[in-house]
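What follows is a short report on a single structure.
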Amino acid sequence: MTATPKPLVLIILDGFGHSESHKGNAILAAKMPVMDRLYQTMPNGLISGSGMDVGLPDGQMGNSEVGHMNLGAGRVVYQDFTRVTKAIRDGEFFENPTICAAVDKAVSAGKAVHIMGLLSDGGVHSHQDHLVAMAELAVKRGAEKIYLHAFLDGRDTPPRSAKKSLELMDATFARLGKGRTATIVGRYFAMDRDNRWDRVSSAYNLIVDSTADFHADSAVAGLEAAYARDENDEFVKATRIGEAARVEDGDAVVFMNFRADRARELTRVFVEDDFKDFERARQPKVNYVMLTQYAASIPAPSAFAAGSLKNVLGEYLADNGKTQLRIAETEKYAHVTFFFSGGREEPFPGEERILIPSPKVATYDLQPEMSAPEVTDKIVDAIEHQRYDVIVVNYANGDMVGHSGIMEAAIKAVECLDVCVGRIAEALEKVGGEALITADHGNVEQMTDDSTGQAHTAHTSEPVPFVYVGKRQLKVRQGGVLADVAPTMLHLLGMEKPQEMTGHSILVAE
């Protein structure tokens, strides 16, 4: 290791895809002189961040968890979405020992099976087909009382698209002859990840005690009433459907989200005896199952155990005596640490982490710069003092403001990013450092939905930029994917890649 590291900085612009279309494209509408200059003067190209290229089903848009897993692993990582879907197709899901044990315990005691999760075809945190399969499993194993607690999307799907998903579940329960939708609530409340416990408590109290300001005879009627209150899917307030279906001691509760970050908080409320972030009216003693492991510290079993990834970038750098910094604001901190490290919570030796709090605003269109300037201050300081060999940073703006669907805010967000990238590039030039700029998936390059005319709030399957910033004479090869980024970094560091990394350097000599 050199005495004064000249850092290699990986800049991940979250949700910053590439599209030639100008319609609803915040990136092309924005003034971005720094990125324009880098595209003209530095080696750059496009790489894939979606579908089979990142271990998702063909055509499936990428997301932040998947993107960071692939970026850090240096290999295509077979995703939980694909694992669960395959298990359902193969029939293994219906024999899953963890789920079956919880359901069988409830059934033998004459208790209910509660299925909860994000009900949509977005495929980012969950998929509605998985919830259908869970209802089928419960019926096959003899459950008489089956209740669905549906979290509505409108973020990874169009803002008002939940009706068809609710109708799918109604049709499923009718076909099975058992089960019904018991509650609906927007993901804004049920799937927080920033310790906004007032939101989480409204979802928990709805599910456990049927406590709700709104009631409806059917899920679709409840949804239509929410639309009449001007609440899009994501923001639908707690609504009880039909008779109360309280969660009781001995019931089974299966959380069908496969993505961890937005499933942890609600899970903790259910299973932690010493939970103190808000006062629970009740904590029923249930047979709780997480579809995947949301965190190693959560005292509940998971149906699909986490697979371990060996020799991810962070581990390999540590084993070779390199120092590294991971930095992001709250919204993406888990991605640049836990997910980038292949599902590992603890830092590697020589790894430091900086968490910058995200602004406490209801939605990020109200503060589109988010905490990017503060993140950049810390990075520039680290570069100037040459403290680390490698710095990995995530800028949340493109994704989080992109999800708002508000074009003006998205333009401000990416213009802020341009300034931040410029500051990093300037600091690196002074010390002889290098950077790679890329993204985990698309979003902010498509802010309007061509087919519906509504705001487009979901991710896209567009390719993402890849830019080398430095003095070497290199060119970008075609056909790169996110899994090629870690091997590219090792190439720049003059290190052989470990055999577990199947990706290949995107940069080649001119």
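Residue numbers in this text run from 1 along the chain shown.
Each Cβ is built from the backbone N, Cα and C atoms, and glycine gets one as well.
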Exercise. Where Swiss-Prot shows S64, D440, H441 binding Mn(2+) 2, which of D14, D389, D484 is named for the same site?
Worked result: D14
Exercise. Where Swiss-Prot shows D399, H403 binding Mn(2+) 1, which of H459, H491 is named for the same site?
Worked result: H459
Problem set entry | Given Swiss-Prot lists R155, D156, R187, R193, R259, A260, D261, R262, K332 for substrate, the same-site residue among H114, H125, H127, H385 | H125
For this session: State the Cα to Cα distance, in Å, between H403 (Mn(2+) 1 binding site) and S64 (active site, phosphoserine intermediate), rounded to an integer.
Result: 13
Seminar exercise, completed: One of the recorded positions S64, D156, R193, A260, D440 has its Cα closest to the Cα of H459 (Mn(2+) 1 binding site), namely D156
For this session: Specify the count of other C-beta atoms within 10 Å of the C-beta of R193 (substrate binding site).
Result: 16
Exercise. Around the Mn(2+) 1 site (D399, H403, H459), what further same-chain residues have their C-beta within 8 angstroms of the site's C-beta centre?
Worked result: D14, G15, N63, S64, R155, D156, G398, M400, G402, H441, N443, V444, T457, A458
Problem set entry | D399 (Mn(2+) 1 binding site) - helix vs strand vs coil (DSSP) | helix
